[in-house]
Number of protein chains: 2
Amino acid sequence: MPPFSGRTIHFGAFNVTSQVFHTSPHSFALVNLKPLLPGHILVSSLRVKPFLSDLSHEELSDLFLTVTRVQKTLKRLYKADAFNIAVQDGEAAGQSVKHVHCHVIPRSKGDAGGEDKVHEWLEGEEGDVGKHQSEVEGSERKVGEWAKDEERKSRTMEVMEKEVVWLKEEMEKDAQGETESNTGKL
Amino acid sequence: MPPFSGRTIHFGAFNVTSQVFHTSPHSFALVNLKPLLPGHILVSSLRVKPFLSDLSHEELSDLFLTVTRVQKTLKRLYKADAFNIAVQDGEAAGQSVKHVHCHVIPRSKGDAGGEDKVHEWLEGEEGDVGKHQSEVEGSERKVGEWAKDEERKSRTMEVMEKEVVWLKEEMEKDAQGETESNTGKL
């Protein structure tokens, strides 16, 4: 079962409700079908709008606040030293789904993404999230229903579902900590 | 003369006052010594802090609001279809100056940055803004004083100074338009 069963969340034309592990007033965070590196996730606006400049100040602010909240949890879980944060803001910049989304990619020294690899993947077929969504999402697929056409894809969905539940729980722990410390900082 | 002559602005350990074409309550925008593509600029926090997570909510919000304000002007001036927006949040992600900065790179269909080039440059030596700053900025250089060691660099500085003045004026035109329309949108 997706963790936000009462709500349908769209990423462009795709129903990604099952991939969402966090929501905020104006944004949501979803796991990737094919992460470039472990912990590679996307943060997107709840409103389906193509460009950063289409968002209100409040939505924009909420989007990047959500990015930093997710970073906090990913940093802890993946022992990340750093992050690549990237928005392909329009098709000519490599955007494959016409909906504002920010790539959040945990990095550590000496990881497989070094020497340009992360960025190479991001712009290449490996980072084409639209293509990946198309592969698993038929037009008749319903919320929470997995694509059944290939064993590989089903397995990915199973792994992904576990990741969603795990990240959701871990995000909640950090949110709790944030409320308790109440420092006004991230 | 730098456009913000009464104020010294630092990018990491570098005094970049001469490169700054826009300031906001918590952020500033500076031209690049070696832009990857025409119009490639950086938006940084006024406080010298290495990570996005070091910024307060207000600073974080202001940083990305500044990014979209700069995008508006660059889009018009460079006839951009899209933008690459990228933060290398930590050394393991390719950050060369330990100070939060967001790359804003105008893109258009069929430009020289296509097929991974922008991202390749960004992570390679071409995008090493720290190295570029080091090349032109001696420890004894004062605000507004150009490096004099190479003709190429002096020329770059001259071109850069013109770009700073031009962008500053054009940013002010758009800010004026925004105040007049008062839509609450970007």
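Cβ atoms are placed via backbone N, Cα and C, with glycine included.
Automated prediction, rather than curation, is the source of TrEMBL annotations.
Record features (TrEMBL):
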- A:H101: active site, tele-AMP-histidine intermediate (ACT_SITE)
- A:N32, A:Q88, A:G94, A:Q95, A:S96, A:V97, A:H103: substrate binding site (BINDING)
- A:7-114: domain 'HIT' (DOMAIN)
- A:123-154: region 'Disordered' (REGION)
- A:99-103: motif 'Histidine triad motif' (MOTIF)
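With DSSP states grouped into helix (H, G, I), strand (E, B) and coil, the motif 'Histidine triad motif' (A:99-103) comes out at 0 helix, 3 strand, 2 coil. Same-chain residues with CB within 8 A of the center of the A:N32, A:Q88, A:G94, A:Q95, A:S96, A:V97, A:H103 CB atoms, the substrate site residues themselves not counted, are A:L42, A:H101, A:L122, A:G127, A:D128, A:V129, A:G130. In the three-state DSSP scheme, A:Q88 (substrate binding site) is classed as strand. By neighbour count, meaning other C-beta atoms within 10 Å, the densest spot among the recorded positions A:H101, A:H103 is A:H101. Proximity to chain B, defined as a CB-CB distance below 8 A, holds for none of the recorded positions A:N32, A:V97, A:H101, A:H103.
Between the binding-site residues A:Q95, A:S96, A:Q95 has the most other Cβ atoms inside 10 Å of its own Cβ, all protein chains included. When each of the binding-site residues A:N32, A:Q88 is scored by how many other Cβ atoms sit within 10 Å of its Cβ, A:N32 comes out lowest. Every protein chain considered, the tally of other Cβ atoms within 10 Å of the Cβ of A:G94 (substrate binding site) stands at 24. Cβ-based neighbour count (10 Å, all protein chains) for A:V97 (substrate binding site) stands at 23. Within the model, the motif 'Histidine triad motif' (A:99-103) carries an average pLDDT of 97. Cα spacing between A:N32 (substrate binding site) and the residue listed as 'active site, tele-AMP-histidine intermediate': 12 Å, rounded to the nearest whole number.
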